[in-house]
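Student: One structure is given below, represented as structure tokens, and several questions about it will come after.
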There are 2 protein chains.
Amino acid sequence: AIIPPLVEASAFKPCRKDMDDVEEKPKDTIKFTAEKLSVDEILQLVISPPCGAVSLFVGNTRNNFERKKVISLEYEAYLPMAENEVRKICSDIRQKCPVTHIAVFHRLGLVPVSEASIIIAVSSAHRAASLEAVSYAIDNLKAKVPIWKKELPYGRETKNAFGNCFKQSNIRKVI
Amino acid sequence: AIIPPLVEASAFKPCRKDMDDVEEKPKDTIKFTAEKLSVDEILQLVISPPCGAVSLFVGNTRNNFERKKVISLEYEAYLPMAENEVRKICSDIRQKCPVTHIAVFHRLGLVPVSEASIIIAVSSAHRAASLEAVSYAIDNLKAKVPIWKKELPYGRETKNAFGNCFKQSNIRKVI
């Protein structure tokens, strides 16, 4: 049997029109990484010629938690589920707002004070959609995605929502 | 059953005043410039150790306006008044939301498609304040600040709110 090749439409060169005039396929870019996040790189992923607006949210490690000093946060995620939940949030956003591209990047491991653990970027033709989408994304990400953080050096022991016990640690669900 | 005690601050070193804990003076950075805007530079201006959130809005030149193709936008501002109006908006934001730093950068002159004419960045301890502030800032900036844009190559003639006529041009108030 002849199996047709799986080739994305975007792999073809647009010949008939200017590059600018081709409607871009909306894309969701979701990444969990141990590397430092770059706001500029993430912005570039969502920029699109017909989009006049990009809204972004950057979540940084704060130097305090419950009045205690924090040096860095350590993040871990239950990856397959976390990616699925972020994908669902992207899909919900597309039901609600006319957005073009969405990028959600989450850093894992140690994140020092003033560095970003999460960056969300959303582009849209006009500003209301991307502003609403970013707000929705961060609220839902914090409520639904299985990511835990541990404040260092401050410590405490907590069971997570999935019943695992992070002994001698202070991992807690990101809220 | 043994109910585990709530872990209290007494278990940990209390937070002491040191460099990190010195409250940063909130600052507003307002800049009109002919240079290309860098989201990363503007983000750095508002990051602060006690702030867990930075929200940003990036306004880019779109490739179309009223169904006509646009190559770039040309911006001009009535500078002393524009700066004053942006300062007032920053002050209004501080009345409404507990934000830390605010940066508003506007590019003037030619801004090609997909490049930023405006970047607004606001930091706050928690996310709601910076999200609300950015939304308020861009809405009010577009409504109140004397900045005009002209679509190129598409052209039309418009009087601005201050009675000047930009002849053979298509300058219009940013809305």
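From the backbone N, Cα and C atoms, a Cβ is placed for every residue, glycine too.
TrEMBL: automatically predicted annotations, no manual curation.
Straight out of TrEMBL:
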- B:H126, B:R127, B:K142, B:K149, B:K150, B:E151: substrate binding site (BINDING)
Student: According to DSSP, does B:H126 (substrate binding site) fall in a helix, a strand, or coil?
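Tutor: Where B:H126 (substrate binding site) sits, the three-state DSSP reduction gives coil.
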Student: Taking chain A as the partner, extract the binding-site residues from B:H126, B:K149, B:K150, B:E151 whose Cβ is under 8 Å from a partner Cβ; order them by sequence and answer 'none' if none remain.
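Tutor: It is none; no candidate comes close enough.
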Student: DSSP secondary structure for B:K142 (substrate binding site), reduced to helix/strand/coil, please.
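Tutor: Note: B:K142 (substrate binding site) is helical by DSSP.
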Student: Rounded to whole angstrom, what's the largest C-alpha distance between any two of B:H126, B:R127, B:K142, B:K149, B:K150, B:E151, listed as binding substrate?
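Tutor: Of all Cα pairs among the recorded substrate binders, the widest measures 38 Å.
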Student: According to DSSP, which of helix, strand or coil covers B:E151 (substrate binding site)?
Tutor: strand
Student: Please work out the number of neighbouring Cβ atoms within 10 Å of the Cβ of B:H126 (substrate binding site), leaving out its own Cβ.
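Tutor: Its Cβ has 12 other Cβ atoms within 10 Å.
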